[in-house]
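Taken straight from TrEMBL:
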ACT_SITE  H140  active site, proton acceptor
BINDING   40-59, 122-125, 230-232, 256-258, C274  NAD(+) binding site
BINDING   Y84, R87  substrate binding site
BINDING   C148, C151, C190, C193  Zn(2+) binding site
DOMAIN    14-286  domain 'Deacetylase sirtuin-type'
Amino acid sequence: MIFLRRLSPILSQMSKRKLSDYEGFRNVLNKSTNIVALTGAGISAESGIPTFRGAGGFWRTHRSADLATLHAFQVNPALVWEFYHYRRTVAFSAQPNDSHKALAAYEQICKEQGRKFSVITQNVDGLHRRAGSENVIELHGALHKVICTKCRTIDENFDNPICEALRDRGDPALQDINLPTIDKKDLPRCKKCKALVRPYIVWFGENLDPKVLEQSRELIETCDLCLVIGTSSVVYPAAMFAPLVADRGQPVAEFNLNSEPANDSFEFHFPGKCGSTLPKALGVTL
Ligand code: BV8
Ligand code: ZN
């Protein structure tokens, strides 16, 4: 008897979670008026952009997460710029896929119906905007922006290569040791004060932009439906957003390759490639 009593909350939790329940999800979706889509690297996988858990976890012999730090940039700015030159090249030549397009299409539908639809992304590839999404919060910055290490001027820059010294560099198949070192003076410079610029990216151990955090907090505290798409939910603070929505008793729907949901409190789980599951769940024809 005690065993059953202990089992009941787990059983009710499991019965509560709906797997690939498109109809059930659609009922909740149609009633929602303030929807947030939280996205990670998985949404861009079908656009050919490596994820962090997948092949993208390493670049040459370096862990991407080690290169995405202020320390790495201070020690070897040329190597970090070569890494981001590679990331820019991949992102600039990639195309938004059906999951990006489905979110953009559904945002338009909501706009016509006076409902709110927003994207909060951990991705720095710019594919949400290129797919036509308008309400996009880029939590971790953007590859097409740079910031000056001296006067903090932020600038958009789609030049590829961003400087001559990075031409034909960045290829993950090449080994650092076989490449001539790039002198710091030949790295990208600030248009205003000529000091060294760095990618406008939030690196590990760095705080997010307070404005971006405030905008995200407002959405996470008011939305009535949250979609969690293609993220492993391990990096903070992004990883705590969807659980906060579930804690408020609002429905959360996860779209991930994995068959197991990242969090038991998520009501809906759609396993599989989000390029197929998301357009179907949102009922948009692309
Ligand atoms: C900060 C830019 C204040 C760089 C990135 C609390 C607890 C523990 C640690 C911390 C904590 N608070 C802070 C930390 C430290 C750290 C952190 O969270 N560390 C982790 C590793 C434990 N956080 C920070 O440093 C943050 N700053 O908190 O400042 C502070 C500072 C110090 C100490 C305390 C507080 C800054 C974090 C931002 C770092 N920058 N990106 C760049 O891109 O170069 S994070 C980067 O990694 C991404 O932006 C993203 O956020 C993360 C990768 O995760 P995902 O996007 O989810 O990708 P992943 O590959 O992991 O997963 C892909 C998923 O998709 C998988 O589930 C897969 O199954 C699925 N998938 C794949 N294909 C498909 C698919 N799904 C559907 N369809 C498909 N086709
Ligand atoms: Zn400057």
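Cβ atoms are placed via backbone N, Cα and C, with glycine included.
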Among G48, G56, the one of these binding-site residues whose Cβ has the fewest neighbouring Cβ atoms within 10 Å: G48
Distance-selected binding-site residues near ligand 2 (C-beta under 6 Å), from G40, G56, C148, C193: C148, C193
In sequence order, those binding-site residues of S44, G48, Y84, C151, C190, L257 whose CB lies under 6 Å from ligand 1: L257
Long-range Cβ environment of L257 (NAD(+) binding site), under 8 Å and at least 6 residues apart: G42, G230, P271, G272, K273
C-beta crowding around R87 (substrate binding site), within 10 angstroms: 23
Where C151 (Zn(2+) binding site) falls in three-state DSSP terms: coil
Other residues, Cβ within 8 Å of C148, C151, C190, C193 Cβ centroid (Zn(2+) site): T149, K150, R152, T153, K191, K192, K194, A195, V197
Separation of alpha carbons, Q122 (NAD(+) binding site) and C193 (Zn(2+) binding site) (Å): 30
Cβ contacts of S44 (NAD(+) binding site) (under 8 Å, same chain, 6 or more positions away): T51, A94, N97, H100, N123, D125, L127, G230
Closest of G40, G48, G56, C190 to H140 (active site, proton acceptor), Cα positions, binding-site residues only: G40
Cβ-Cβ neighbours of C151 (Zn(2+) binding site) (radius 10 Å): 12
